[in-house]
Amino acid sequence: MKTLVLVAVLGLASLYLLSYASEVQQLSRDEEEFRALVASFGGLFDTEERGVDKEGCRKLFGGCVGDGDCCLHLGCKTRKLPPFADPYCAWDWTFGRK
């Protein structure tokens, strides 16, 4: 009787391990499909394409001389009051790609 219970427990343990291995293999297939899907967007998620990390551009509230100094969707702005006359990069009210 004890042997039969031991064999049953070992059988259940082996079935658990087999099903777990199958699930892990399925997850790796899903991960490969997800990576292929992201790659099919053609670099939509690349930050360089959107101008975020353009070399030499000024980020929000950074100093600037002209609009060309600021990153994408930012323009060189200035305040009218003399203490705040230093130009800075601010949002130019545009969306999407330019």
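Glycine is no exception: its Cβ is also placed from the backbone N, Cα and C atoms.
For Cys57-Cys71, Cys64-Cys76, Cys70-Cys89, the entry in Swiss-Prot reads disulfide bond. The signal peptide annotation in Swiss-Prot covers 1-21, and the record cites sequence analysis as its basis.
Sequence-distant neighbours of Cys70 (disulfide bond) (same chain, 6+ residues apart, CB-CB distance under 8 A): Cys57, Arg58, Gly62, Cys64, Cys76, Cys89. In the shown protein chains, 21 other C-beta atoms lie within 10 A of the C-beta of Cys64 (disulfide bond). Looking at Cys57, Cys89, the disulfide-bonded residues in this record, the fewest other C-beta atoms within 10 angstroms of the C-beta turn up around Cys57. Cys57 (disulfide bond) falls within neither a helix nor a strand when secondary structure is assigned with DSSP, and so counts as coil.
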